[in-house]
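Written below as C-alpha coordinates is the structure these notes are about.
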(Lines of atoms letter the chains of each structure in order from A and count residues from 1; the text may use other names and numbers.)
(Lines give C-alpha, C1' and ligand atoms only; values in the text may rest on other atoms or scores of the structure.)
Protein backbone atom coordinates (compact mmCIF):
# COMPACT_ATOMS: atom_id res chain seq x y z
CA UNK A 1 0.00 0.00 0.00
CA UNK A 2 2.82 2.41 0.88
CA UNK A 3 4.52 1.59 -2.40
CA UNK A 4 1.29 2.31 -4.29
CA UNK A 5 0.88 5.61 -2.45
CA UNK A 6 4.45 6.67 -3.24
CA UNK A 7 3.94 5.79 -6.91
CA UNK A 8 0.73 7.84 -7.05
CA UNK A 9 2.48 10.77 -5.38
CA UNK A 10 5.39 10.64 -7.80
CA UNK A 11 3.04 10.43 -10.80
CA UNK A 12 1.06 13.42 -9.52
CA UNK A 13 4.22 15.45 -9.01
CA UNK A 14 5.43 14.48 -12.45
CA UNK A 15 2.13 15.50 -14.00
CA UNK A 16 2.16 18.90 -12.24
CA UNK A 17 5.77 19.44 -13.31
CA UNK A 18 5.05 18.64 -16.95
CA UNK A 19 1.96 20.84 -16.98
CA UNK A 20 3.82 23.73 -15.33
CA UNK A 21 6.76 23.47 -17.73
CA UNK A 22 4.41 23.46 -20.71
CA UNK A 23 2.83 26.80 -19.82
CA UNK A 24 4.14 29.56 -22.06
CA UNK A 25 3.54 33.30 -22.07
CA UNK A 26 0.66 32.91 -24.48
CA UNK A 27 -1.04 30.25 -22.38
CA UNK A 28 -0.47 31.87 -18.99
CA UNK A 29 -3.92 33.45 -18.90
CA UNK A 30 -5.51 30.11 -19.75
CA UNK A 31 -3.47 28.52 -16.95
CA UNK A 32 -4.78 31.03 -14.41
CA UNK A 33 -8.29 30.28 -15.66
CA UNK A 34 -7.63 26.57 -15.21
CA UNK A 35 -6.39 27.11 -11.67
CA UNK A 36 -9.50 29.12 -10.89
CA UNK A 37 -11.65 26.37 -12.39
CA UNK A 38 -9.95 23.83 -10.13
CA UNK A 39 -10.76 26.00 -7.11
CA UNK A 40 -14.44 26.06 -8.13
CA UNK A 41 -14.52 22.28 -8.48
CA UNK A 42 -12.81 21.92 -5.10
CA UNK A 43 -15.37 24.25 -3.50
CA UNK A 44 -18.21 22.28 -5.01
CA UNK A 45 -16.79 18.90 -3.94
CA UNK A 46 -16.06 20.03 -0.38
CA UNK A 47 -19.50 21.60 -0.17
CA UNK A 48 -20.99 18.17 -0.80
CA UNK A 49 -18.66 15.86 1.14
CA UNK A 50 -16.69 17.84 3.75
CA UNK A 51 -19.41 18.24 6.40
CA UNK A 52 -18.49 15.08 8.39
CA UNK A 53 -14.82 16.11 8.39
CA UNK A 54 -15.45 19.71 9.49
CA UNK A 55 -17.60 18.50 12.39
CA UNK A 56 -14.48 16.98 13.95
CA UNK A 57 -12.58 20.31 13.90
CA UNK A 58 -13.20 21.99 17.24
CA UNK A 59 -12.37 25.51 16.03
CA UNK A 60 -15.06 25.18 13.31
CA UNK A 61 -17.68 23.09 15.13
CA UNK A 62 -17.94 25.47 18.11
CA UNK A 63 -21.40 24.45 19.29
CA UNK A 64 -23.73 21.48 19.23
CA UNK A 65 -26.44 20.88 16.65
CA UNK A 66 -25.03 23.14 13.97
CA UNK A 67 -26.94 22.59 10.69
CA UNK A 68 -25.41 20.95 7.66
CA UNK A 69 -25.68 24.22 5.73
CA UNK A 70 -23.29 25.90 8.19
CA UNK A 71 -20.48 23.49 7.39
CA UNK A 72 -21.17 23.69 3.67
CA UNK A 73 -20.86 27.47 3.79
CA UNK A 74 -17.68 27.16 5.84
CA UNK A 75 -16.08 24.84 3.27
CA UNK A 76 -16.96 27.13 0.37
CA UNK A 77 -15.81 30.33 2.08
CA UNK A 78 -12.50 28.86 3.25
CA UNK A 79 -11.55 27.66 -0.25
CA UNK A 80 -12.68 31.02 -1.62
CA UNK A 81 -10.57 32.92 0.92
CA UNK A 82 -7.46 30.95 -0.05
CA UNK A 83 -8.14 31.68 -3.71
CA UNK A 84 -8.79 35.35 -2.96
CA UNK A 85 -5.52 35.70 -1.07
CA UNK A 86 -3.58 33.97 -3.86
CA UNK A 87 -4.83 36.27 -6.61
CA UNK A 88 -4.91 39.31 -4.32
CA UNK A 89 -1.22 38.88 -3.47
CA UNK A 90 -0.38 38.53 -7.17
CA UNK A 91 -2.38 41.68 -7.93
CA UNK A 92 -0.38 43.64 -5.35
CA UNK A 93 2.94 42.28 -6.60
CA UNK A 94 2.13 43.24 -10.21
CA UNK A 95 1.30 46.88 -9.48
CA UNK A 96 3.31 49.14 -11.80
CA UNK A 97 4.46 46.52 -14.35
CA UNK A 98 4.62 48.42 -17.64
CA UNK A 99 7.04 46.56 -19.89
CA UNK A 100 8.38 43.05 -20.37
CA UNK A 101 11.85 44.00 -19.08
CA UNK A 102 10.38 44.18 -15.60
CA UNK A 103 11.42 41.11 -13.60
CA UNK A 104 7.86 40.71 -12.39
CA UNK A 105 6.74 40.00 -15.95
CA UNK A 106 8.47 36.63 -15.71
CA UNK A 107 6.84 36.06 -12.33
CA UNK A 108 3.45 36.58 -13.94
CA UNK A 109 4.10 34.10 -16.74
CA UNK A 110 6.36 31.57 -15.05
CA UNK A 111 7.10 29.79 -11.77
CA UNK A 112 4.02 27.60 -12.00
CA UNK A 113 5.24 24.85 -9.70
CA UNK A 114 5.79 27.40 -6.93
CA UNK A 115 2.42 29.02 -7.69
CA UNK A 116 0.58 25.70 -7.46
CA UNK A 117 2.26 24.92 -4.15
CA UNK A 118 1.48 28.37 -2.73
CA UNK A 119 -2.14 28.11 -3.88
CA UNK A 120 -2.53 24.68 -2.28
CA UNK A 121 -0.83 25.84 0.94
CA UNK A 122 -3.07 28.90 1.23
CA UNK A 123 -6.18 26.80 0.66
CA UNK A 124 -5.17 24.30 3.36
CA UNK A 125 -4.23 27.01 5.86
CA UNK A 126 -7.69 28.58 5.56
CA UNK A 127 -9.17 25.52 7.30
CA UNK A 128 -7.15 26.34 10.42
CA UNK A 129 -8.57 29.84 10.82
CA UNK A 130 -11.22 30.62 13.47
CA UNK A 131 -14.83 31.11 12.40
CA UNK A 132 -14.82 34.84 13.15
CA UNK A 133 -12.36 35.51 10.30
CA UNK A 134 -14.47 33.48 7.89
CA UNK A 135 -17.60 35.34 9.00
CA UNK A 136 -15.94 38.68 8.28
CA UNK A 137 -14.77 37.42 4.90
CA UNK A 138 -18.31 36.25 4.12
CA UNK A 139 -19.63 39.76 4.78
CA UNK A 140 -16.90 41.36 2.65
CA UNK A 141 -17.54 38.83 -0.11
CA UNK A 142 -21.03 40.21 -0.66
CA UNK A 143 -19.54 43.60 -1.53
CA UNK A 144 -16.74 42.00 -3.57
CA UNK A 145 -19.27 39.95 -5.53
CA UNK A 146 -21.28 43.09 -6.25
CA UNK A 147 -18.13 44.84 -7.47
CA UNK A 148 -17.35 41.87 -9.72
CA UNK A 149 -20.81 42.08 -11.28
CA UNK A 150 -20.29 45.82 -11.84
CA UNK A 151 -16.92 45.26 -13.52
CA UNK A 152 -18.48 42.53 -15.64
CA UNK A 153 -21.13 44.97 -16.85
CA UNK A 154 -18.51 47.60 -17.72
CA UNK A 155 -16.50 45.01 -19.64
CA UNK A 156 -19.63 44.01 -21.57
CA UNK A 157 -20.40 47.62 -22.48
CA UNK A 158 -16.79 48.18 -23.55
CA UNK A 159 -16.87 45.03 -25.68
CA UNK A 160 -20.10 45.99 -27.46
CA UNK A 161 -18.90 49.53 -28.20
CA UNK A 162 -15.54 48.21 -29.46
CA UNK A 163 -17.33 45.66 -31.66
CA UNK A 164 -19.59 48.35 -33.10
CA UNK A 165 -16.72 50.79 -33.74
CA UNK A 166 -14.55 48.17 -35.45
CA UNK A 167 -17.33 47.19 -37.86
CA UNK A 168 -18.48 50.74 -38.57
CA UNK A 169 -14.95 51.62 -39.65
CA UNK A 170 -15.04 48.95 -42.39
CA UNK A 171 -16.97 48.57 -45.66
CA UNK A 172 -20.71 48.83 -46.23
CA UNK A 173 -21.23 45.08 -45.94
CA UNK A 174 -20.43 45.43 -42.27
CA UNK A 175 -23.29 47.92 -41.93
CA UNK A 176 -25.68 45.31 -43.28
CA UNK A 177 -24.28 42.72 -40.86
CA UNK A 178 -24.65 45.19 -37.97
CA UNK A 179 -28.29 45.78 -38.88
CA UNK A 180 -29.04 42.06 -39.20
CA UNK A 181 -27.38 41.21 -35.88
CA UNK A 182 -29.16 44.09 -34.14
CA UNK A 183 -32.57 42.99 -35.43
CA UNK A 184 -31.91 39.38 -34.45
CA UNK A 185 -30.83 40.39 -30.95
CA UNK A 186 -33.91 42.54 -30.47
CA UNK A 187 -36.20 39.78 -31.72
CA UNK A 188 -34.48 37.37 -29.34
CA UNK A 189 -34.85 39.79 -26.41
CA UNK A 190 -38.57 40.39 -26.98
CA UNK A 191 -39.31 36.73 -27.74
CA UNK A 192 -37.46 35.56 -24.65
CA UNK A 193 -39.29 38.12 -22.51
CA UNK A 194 -42.57 36.74 -23.84
CA UNK A 195 -41.51 33.23 -22.85
CA UNK A 196 -40.73 34.53 -19.37
CA UNK A 197 -44.38 35.58 -19.05
CA UNK A 198 -45.38 31.95 -19.67
CA UNK A 199 -42.84 30.48 -17.27
CA UNK A 200 -43.06 32.93 -14.38
CA UNK A 201 -46.64 34.22 -14.55
CA UNK A 202 -48.74 31.03 -14.31
CA UNK A 203 -52.49 31.42 -14.59
CA UNK A 204 -54.49 31.45 -11.38
CA UNK A 205 -51.78 33.15 -9.31
CA UNK A 206 -51.07 36.76 -8.44
CA UNK A 207 -47.52 37.21 -9.73
CA UNK A 208 -47.35 40.99 -9.85
CA UNK A 209 -43.67 41.12 -8.87
CA UNK A 210 -42.62 38.81 -11.70
CA UNK A 211 -44.75 40.75 -14.18
CA UNK A 212 -43.12 43.98 -13.01
CA UNK A 213 -39.63 42.54 -13.57
CA UNK A 214 -40.49 41.31 -17.09
CA UNK A 215 -42.31 44.50 -18.14
CA UNK A 216 -39.39 46.61 -16.90
CA UNK A 217 -37.08 44.51 -19.07
CA UNK A 218 -39.24 45.17 -22.13
CA UNK A 219 -39.44 48.90 -21.37
CA UNK A 220 -35.67 49.11 -20.96
CA UNK A 221 -35.06 47.33 -24.27
CA UNK A 222 -37.38 49.75 -26.06
CA UNK A 223 -35.81 52.75 -24.31
CA UNK A 224 -32.30 51.64 -25.34
CA UNK A 225 -33.29 51.77 -29.02
CA UNK A 226 -35.04 55.13 -28.73
CA UNK A 227 -32.12 56.79 -26.94
CA UNK A 228 -29.44 55.20 -29.14
CA UNK A 229 -31.18 56.32 -32.37
CA UNK A 230 -31.89 59.86 -31.17
CA UNK A 231 -30.24 62.42 -33.50
CA UNK A 232 -28.40 64.15 -30.67
CA UNK A 233 -26.96 60.90 -29.31
CA UNK A 234 -23.92 59.35 -30.92
CA UNK A 235 -25.29 55.84 -30.47
CA UNK A 236 -25.81 52.67 -32.46
CA UNK A 237 -28.40 49.92 -32.54
CA UNK A 238 -25.91 47.06 -32.07
CA UNK A 239 -24.83 47.88 -28.48
CA UNK A 240 -28.46 48.62 -27.59
CA UNK A 241 -29.61 45.23 -28.90
CA UNK A 242 -26.79 43.32 -27.17
CA UNK A 243 -27.46 45.04 -23.84
CA UNK A 244 -31.18 44.27 -24.28
CA UNK A 245 -30.44 40.56 -24.70
CA UNK A 246 -28.16 40.65 -21.66
CA UNK A 247 -30.84 42.36 -19.56
CA UNK A 248 -33.38 39.73 -20.64
CA UNK A 249 -30.89 37.02 -19.61
CA UNK A 250 -30.36 38.67 -16.21
CA UNK A 251 -34.13 38.86 -15.73
CA UNK A 252 -34.39 35.14 -16.50
CA UNK A 253 -31.59 34.19 -14.11
CA UNK A 254 -33.20 36.32 -11.40
CA UNK A 255 -36.65 34.78 -11.83
CA UNK A 256 -35.25 31.25 -12.07
CA UNK A 257 -33.49 31.80 -8.72
CA UNK A 258 -36.82 32.23 -6.94
CA UNK A 259 -37.47 29.62 -4.21
CA UNK A 260 -38.57 26.28 -5.58
CA UNK A 261 -41.75 26.33 -3.52
CA UNK A 262 -42.80 29.77 -4.77
CA UNK A 263 -46.06 29.47 -6.69
CA UNK A 264 -45.01 31.98 -9.37
CA UNK A 265 -41.87 30.05 -10.25
CA UNK A 266 -43.65 28.01 -12.88
CA UNK A 267 -40.40 26.72 -14.31
CA UNK A 268 -39.15 25.03 -11.14
CA UNK A 269 -42.04 24.92 -8.66
CA UNK A 270 -42.53 21.16 -9.17
CA UNK A 271 -38.85 20.38 -8.64
CA UNK A 272 -38.27 18.87 -5.20
CA UNK A 273 -34.58 18.20 -5.76
CA UNK A 274 -31.92 19.37 -8.10
CA UNK A 275 -30.37 17.01 -10.61
CA UNK A 276 -26.66 16.59 -11.20
CA UNK A 277 -27.03 17.95 -14.74
CA UNK A 278 -28.64 21.13 -13.37
CA UNK A 279 -25.75 21.60 -10.94
CA UNK A 280 -23.20 21.03 -13.68
CA UNK A 281 -24.98 23.50 -15.97
CA UNK A 282 -25.10 26.13 -13.22
CA UNK A 283 -21.41 25.68 -12.42
CA UNK A 284 -20.48 25.76 -16.11
CA UNK A 285 -22.39 29.01 -16.61
CA UNK A 286 -20.59 30.55 -13.65
CA UNK A 287 -17.16 29.41 -14.87
CA UNK A 288 -17.77 30.72 -18.39
CA UNK A 289 -18.96 34.06 -17.02
CA UNK A 290 -15.86 34.44 -14.86
CA UNK A 291 -13.46 33.28 -17.55
CA UNK A 292 -14.96 35.69 -20.08
CA UNK A 293 -14.44 38.60 -17.70
CA UNK A 294 -10.86 37.59 -16.93
CA UNK A 295 -9.86 36.99 -20.55
CA UNK A 296 -11.60 40.15 -21.68
CA UNK A 297 -9.49 42.03 -19.15
CA UNK A 298 -6.54 41.38 -21.42
CA UNK A 299 -8.12 42.91 -24.51
CA UNK A 300 -10.24 45.80 -23.29
CA UNK A 301 -9.33 49.17 -24.78
CA UNK A 302 -10.52 51.52 -22.06
CA UNK A 303 -9.45 51.26 -18.44
CA UNK A 304 -8.04 47.74 -18.35
CA UNK A 305 -4.70 48.36 -20.06
CA UNK A 306 -1.74 50.22 -18.56
CA UNK A 307 -0.74 53.61 -20.06
CA UNK A 308 2.33 52.15 -21.76
CA UNK A 309 0.33 49.43 -23.49
CA UNK A 310 -0.39 49.66 -27.23
CA UNK A 311 -4.03 48.94 -26.38
CA UNK A 312 -4.26 52.08 -24.31
CA UNK A 313 -3.98 54.25 -27.38
CA UNK A 314 -0.74 55.99 -26.42
CA UNK A 315 1.07 58.11 -28.98
CA UNK A 316 4.66 57.85 -30.14
CA UNK A 317 6.94 60.81 -31.00
CA UNK A 318 7.29 61.78 -34.67
CA UNK A 319 11.05 62.35 -34.37
CA UNK A 320 13.44 59.97 -32.65
CA UNK A 321 16.55 61.18 -30.91
CA UNK A 322 19.87 60.08 -32.42
CA UNK A 323 21.94 61.23 -29.45
CA UNK A 324 24.58 58.51 -28.88
CA UNK A 325 24.63 59.35 -25.20
CA UNK A 326 21.03 58.30 -24.79
CA UNK A 327 21.72 54.60 -25.30
CA UNK A 328 20.18 53.64 -22.00
CA UNK A 329 17.03 55.60 -22.79
CA UNK A 330 16.86 53.91 -26.20
CA UNK A 331 17.13 50.51 -24.62
CA UNK A 332 14.33 51.31 -22.23
CA UNK A 333 12.24 52.73 -25.08
CA UNK A 334 12.69 49.54 -27.07
CA UNK A 335 11.29 47.48 -24.24
CA UNK A 336 8.03 45.87 -25.32
CA UNK A 337 5.12 47.11 -23.20
CA UNK A 338 2.78 44.61 -21.59
CA UNK A 339 -0.46 44.10 -23.50
CA UNK A 340 -2.76 44.23 -20.48
CA UNK A 341 -2.79 45.19 -16.83
CA UNK A 342 -1.55 42.25 -14.78
CA UNK A 343 -2.87 43.83 -11.59
CA UNK A 344 -6.38 44.19 -12.95
CA UNK A 345 -6.26 40.67 -14.39
CA UNK A 346 -5.53 39.14 -10.97
CA UNK A 347 -7.98 41.49 -9.28
CA UNK A 348 -10.74 40.11 -11.53
CA UNK A 349 -9.98 36.59 -10.28
CA UNK A 350 -9.87 37.76 -6.66
CA UNK A 351 -13.31 39.34 -6.98
CA UNK A 352 -14.55 36.32 -8.92
CA UNK A 353 -13.50 34.13 -5.98
CA UNK A 354 -15.85 36.15 -3.78
CA UNK A 355 -18.63 35.99 -6.38
CA UNK A 356 -18.38 32.21 -6.83
CA UNK A 357 -18.42 31.76 -3.05
CA UNK A 358 -21.66 33.73 -2.85
CA UNK A 359 -23.22 31.57 -5.55
CA UNK A 360 -22.20 28.28 -3.95
CA UNK A 361 -23.23 29.40 -0.47
CA UNK A 362 -26.53 31.01 -1.48
CA UNK A 363 -25.09 34.42 -0.51
CA UNK A 364 -24.37 32.89 2.94
CA UNK A 365 -28.09 32.32 3.47
CA UNK A 366 -29.50 29.02 4.74
CA UNK A 367 -33.10 29.78 3.84
CA UNK A 368 -33.09 27.40 0.88
CA UNK A 369 -32.29 23.71 0.73
CA UNK A 370 -28.59 22.91 0.60
CA UNK A 371 -29.28 20.88 -2.54
CA UNK A 372 -29.69 24.07 -4.55
CA UNK A 373 -27.07 26.49 -5.84
CA UNK A 374 -27.82 30.19 -6.36
CA UNK A 375 -31.46 29.88 -5.26
CA UNK A 376 -33.26 32.29 -2.92
CA UNK A 377 -34.59 35.81 -2.74
CA UNK A 378 -31.13 37.26 -2.21
CA UNK A 379 -30.00 35.80 -5.53
CA UNK A 380 -33.15 37.13 -7.20
CA UNK A 381 -32.59 40.71 -6.10
CA UNK A 382 -28.87 40.59 -6.89
CA UNK A 383 -29.67 39.59 -10.49
CA UNK A 384 -32.47 42.12 -10.92
CA UNK A 385 -30.40 44.95 -9.44
CA UNK A 386 -27.54 43.96 -11.75
CA UNK A 387 -29.93 44.29 -14.69
CA UNK A 388 -31.00 47.76 -13.61
CA UNK A 389 -27.40 48.86 -13.01
CA UNK A 390 -26.50 47.57 -16.49
CA UNK A 391 -29.31 49.64 -17.97
CA UNK A 392 -28.28 52.75 -16.03
CA UNK A 393 -24.63 52.46 -17.06
CA UNK A 394 -25.51 51.95 -20.72
CA UNK A 395 -27.88 54.92 -20.78
CA UNK A 396 -25.24 57.02 -19.02
CA UNK A 397 -22.65 56.06 -21.65
CA UNK A 398 -25.03 57.49 -24.27
CA UNK A 399 -26.17 60.69 -22.59
CA UNK A 400 -23.02 61.62 -20.65
CA UNK A 401 -21.43 63.48 -23.62
CA UNK A 402 -24.59 65.62 -23.83
CA UNK A 403 -24.79 66.36 -20.11
CA UNK A 404 -21.05 67.00 -19.74
CA UNK A 405 -19.94 68.37 -23.14
CA UNK A 406 -16.66 69.75 -21.78
CA UNK A 407 -15.42 66.33 -20.74
CA UNK A 408 -13.82 63.79 -23.04
CA UNK A 409 -15.36 60.30 -23.14
CA UNK A 410 -13.77 57.24 -24.69
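Along the chain as shown, residues are numbered 1 onward.
Cβ atoms are placed via backbone N, Cα and C, with glycine included.
The annotation transmembrane segment is assigned in TrEMBL to 28-46 (among others).
The feature transmembrane segment is assigned by TrEMBL to 75-97 (among others). Only residues 6 or more beyond the boundaries of the transmembrane segment (75-97), in the same chain, are considered here, and those with a CB under 8 A from a CB of the stretch are 36, 39, 42-43, 46-47, 50-51, 54, 104-105, 107-108, 118-119, 122-127, 129, 134, 137-138, 141, 144, 306, 338, 342-347, 349-350, 353-354, 356-357, 360-361, 364.
Annotated transmembrane segment per TrEMBL: 117-140 (among others), in sequence order.
For 175-200 (among others), the entry in TrEMBL reads transmembrane segment. If one looks beyond the transmembrane segment (175-200) by at least 6 residues along the same chain, the residues whose Cβ comes under 8 Å of a Cβ in the stretch are 164, 167-168, 207, 210-211, 214, 217-218, 221, 225, 236-238, 240-242, 244-245, 247-249, 251-252, 255, 258, 264-267.
Using a Cβ-Cβ cut-off under 8 Å and counting only residues 6 or more beyond its ends in the same chain, the transmembrane segment (207-229) has close neighbours at 186, 189-190, 193, 196-197, 200-201, 235-237, 239-241, 243-244, 247-248, 251, 254-255, 263-264, 384, 387-388, 391, 394-395, 398-399. The transmembrane segment annotation in TrEMBL covers 207-229 (among others).
The transmembrane segment annotation in TrEMBL covers 273-295 (among others).
Feature annotation from TrEMBL assigns region 'Disordered' to 300-332.
The compositional bias 'Basic and acidic residues' feature in TrEMBL is assigned to 320-332.
Feature annotation from TrEMBL assigns transmembrane segment to 340-360 (among others).
What TrEMBL lists as transmembrane segment is 380-404 (among others).
Looking at 117-140, 340-360, 380-404, the range that has the most CB pairs within less than 8 A of the transmembrane segment (28-46) turns out to be 340-360.
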